[in-house]
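Copied over from Swiss-Prot, here are the features:
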TRANSMEM  20-40  transmembrane segment
TRANSMEM  81-101  transmembrane segment
TRANSMEM  113-133  transmembrane segment
TRANSMEM  140-160  transmembrane segment
TRANSMEM  176-196  transmembrane segment
TRANSMEM  202-222  transmembrane segment
TRANSMEM  223-243  transmembrane segment
Amino acid sequence: MKSLFEQFEIDLYCIIITRFFDISITTITVYLGLLMVIVIGMYKVSLYKATIIGGNNWQHIGEMIYEFVVDLIIEQVGKPGILFFPFIMSLFLFVLTLNVMGLIPLSFTVTGQLLVTFTLAITIMIGITIWGFRIHGIKFLNIFVPSGIEPWLLPLLVFIEIMSYVLRPISLAVRLFANMLAGHLLIHIIGVAAIYLMQFYFIGILPWICVIAFMFLELGIAFLQAYVFVLLTLIYIANIINLH
């Protein structure tokens, strides 16, 4: 690997350009396809010979993820939030699986691309904003008007609230992107150092221990970032439901 950032480069495998769209196959396309195969395959296996009592290990994992997401939705939004379960479940598995896939040596980290994380974040915010207008109508704009404020302060605070709302997808995207980027760069640097120090016999073992330790740390961060991404999405949904 010539460059530290080479692992984040997007390769073009097949050029497919129509009159209106560019649907060329890139590294991101391939990994998103693998994501679909992995997630669907995991749940196909978990549902194979599924039983109410007992079941296979994959069934237990599927049930644990299901219960985790349901509890998170109820905790943050309440029972009305169950309406969003399919979306939140898909979002959590999407981010988590892509994060974990990026930990495979010599693989590509899709969530280490700001374009991907920002597109995901802005799509979510546009979607829940449209949903907010659908359920509240014009009253949805009350979300930008703080209550119990002096009239002369209102224009400034409304401006701040609007800017805060507009910047939400940016903070959501950059948080995930920056954590994935920094973690993978750190592992890469330690890995290069480990390869160089292998010539010094026992001293060369220490960096590899660090690499393994950081891999486990990154695995935890992969789950944590998926959790935080979904948690913030649920908080935004709760704000729209309650208009605050």
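Note that Cβ sites are derived from N, Cα and C of the backbone, with glycine treated the same way.
Among the listed stretches 81-101, 113-133, 140-160, 176-196, the one sharing the most Cβ pairs under 8 Å with the transmembrane segment (223-243) is 81-101. Cβ atoms under 8 Å from those of the transmembrane segment (81-101) belong to residues 31, 34-35, 38-39, 65-66, 69-70, 72-74, 107, 109-111, 120, 124, 176, 180, 219, 221-223, 225-227, 229-230, 233-234, 237-238, 241 of the same chain, restricted to positions at least 6 beyond its ends.
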